[in-house]
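Participant: I'd like to ask you about the structure that follows.
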Amino acid sequence: MLVYLLKRLLYALPIALSVTLVCFLLVHIAPGDPLNAVVPADAPAEVVNALKAAYGFDKPLPVQYVRWLGRALTGDLGTSVATGRPVADEVLSAVRNTILLAVIAAIIGFALGALLGGVAGYRHRGIVDRLATALSVVGVSVPHYWLGMVLTIIFSTRLNWLPAMGAGPGGSKEWLWDGEHIRYLVLPVATLMVIPLGIVTRTIRALVADTLSKDFVQALRAKGLSDRAVFLHVVKNVAPTALAVMGLQLGYLMGGSILVETVFAWPGSGFLLNTAIFQRDLPLLQGTILILCLIFVLLNLMVDVLQPLIDPRMRRS
Amino acid sequence: MSNPLISVSDLTVTFGGSRPVHAVNGVSFTVGTGEVLGLLGESGCGKSVTLRSLLRLHPPRRTTYGGRIEVDGHDILSMSEEQLRRYRGSVTSMIFQEPLLAFDPVYSIGRQISEAIRRHRAMDGTAAEAEAIRLLDRVQIPQAARRYHAYPHEMSGGMRQRAMIALALSCRPKLLLADEPTTALDATVQIQILLLLRELQREMGLSIIFVTHDIGVAVEISDRVAVMYAGRIIEEGPIAGIIGGPAHPYTRGLLASTVTQNMRGTRLEAIPGAPPDLADLPPGCAFAPRCSHASATCLASIPAYETHAGRGVACFHSLNDEGVPPSVTAKVS
């Protein structure tokens, strides 16, 4: 088991390294010059060259990569071209906001999905099952930015119950756990949790129905176990796969909420990414993508470590 | 046998749906204390369904039972869920065809045995674990204490089936239901498991109902056999009698289609056709369409089950020792 853990940790390193390489290259493969956005078109050539040298854009790509990586390892992700602030600070405060949103959406979505999917799996072809299936299809299919706009129209514009934009009153960026701030969470969380809710419902339903049809469930009943005791066996059988799906979904929530954060002007990593793209703020873009990718790698690592703890068949090293 | 341990009378099992499937159509038999009954037949003849009915294991919402099942004084079909849970595992337990699938893959086999012990016997965790290890040792699993912590996928097929037997016998049942427990095993391991079962059965005075499609296995373990076809018992009797002189044409066909060593070079007989659709049974004898002795009567009505001198058969043209139906002989002479 310990060997497996160490191995898995070692595997994570080259993955993380290739993530940094891809992040770095993606930005440089994209057409256009990173300085175009900040330097006026009629700026004299020597000013442009001086700026290029200042940002290191005049060096060959491998050199740029190694220097960028070296600085990134020490926590220095460069300076934002647009704002002049350190990228690391911008990204970290944005990621904090995104984690807040994603984790709350995940907790609610996963819990509801597990409940619905579990009941649907037990009551195969029953009313709850049909309802859950319909709901999960809708959840997966509805574009969530569209849903976000519809919710905003209904609950903010028409009913005026909930704020439509931002993460706090007066555009405040500091998060506080009070009623006033939580009101700002409701619509983005509701929008964001729809997809994981749909996917988790569908997955758990299929897993539970499949497990219940297995011989060993009959064998457990045959030895006189109560439904509750059998349920615990089912949970432990379903958990490894469910965890893997949930880990992936949480990863998507962390990185994929770009549209939802833009719709609700939520000052998170998606919003930041959107800003960075439109302002052609390369260091910021790189830094944000890098941090999001590393979070994804970390989440997968956690799932891979948890799974064999539950399922002994995965413990072979 | 004035008071048999198990008495099944006129059992019917129907699975609902748009096309109801009549899996068991009026099965009656008795098994005495310490007796082993072999339930023989092809796949889909209702033998496993009959067996599982003795624990009422079929999904309650889709299954309709008829008739009566009595085991050790318990009326199985009228038990409450709670009574049923107390009965399962303690009075009657079961071993399955494929032990790899019958064990929960994410719990150690020891845990699964002590789980049953704690369910039915007043023992705490430590005592249950010690008892489970004793049982694993009893079914001849080497290094039982270490194997207690093994997971199903870490054991061989034979070891898994031994562990399954240990689990089934952990709460000292009176009746053991065996659903083709040797079918998934190698021939050499099969014999070991059969010998172990026979030994434990004698030691504990167990009654066993042993479902199999393998006549060789049935001969090895059973005192009596009942042959099933299309959800009915069509012939029953002591093992030697059935092997020596099958009375039903189907039993004869089944015996003739068995591969034995002395048959090299001779043609293997097969029963023509396939078993009937259980959702659409013929009005007469279910075997008539495949039977070389079938007459108009066979196609029109179901033969009554008649017993004589410990033997029973349901056939209008039951065979004598020469393998010719008496009625046919009468016509020829």
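Every residue, even glycine, has its Cβ placed from backbone N, Cα and C.
This is the feature table in TrEMBL:
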type	residues	note
TRANSMEM	A:9-30	transmembrane segment
DOMAIN	A:95-307	domain 'ABC transmembrane type-1'
TRANSMEM	A:99-122	transmembrane segment
TRANSMEM	A:134-155	transmembrane segment
TRANSMEM	A:182-200	transmembrane segment
TRANSMEM	A:242-264	transmembrane segment
TRANSMEM	A:284-306	transmembrane segment
Participant: Is the transmembrane segment (A:182-200) close to the transmembrane segment (A:284-306), in the sense of at least 3 CB pairs under 8 angstroms with a sequence gap of 6 or more?
Facilitator: no
Participant: Using Cβ distances below 8 Å and needing 3 or more such pairs, separated by at least 6 in sequence, tell me whether the transmembrane segment (A:134-155) contacts the transmembrane segment (A:9-30).
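Facilitator: They do not touch: fewer than three Cβ pairs between the two stretches lie under 8 Å.
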Participant: Which residues of the chain, 6 or more past the ends of the transmembrane segment (A:9-30), have a CB below 8 A from one of its CBs?
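Facilitator: For the transmembrane segment (A:9-30), the nonlocal Cβ contacts are 61, 64-65, 68-69, 72, 282, 285-286, 289-290, 293-294, 297-298, 301.
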Participant: Using a Cβ cut-off under 8 Å, which residues of the same chain at least 6 positions beyond either end of the transmembrane segment (A:242-264) come close to it?
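Facilitator: Apart from its flanks, the transmembrane segment (A:242-264) reaches 98-99, 101-103, 105-106, 109-110, 114, 144-145, 148-149, 152, 164-166, 187-188, 191-192, 195-196, 199-200, 203-204, 207, 270-271, 273-274, 292-293, 295-296, 299-300, 302-303, 306-307, 310.
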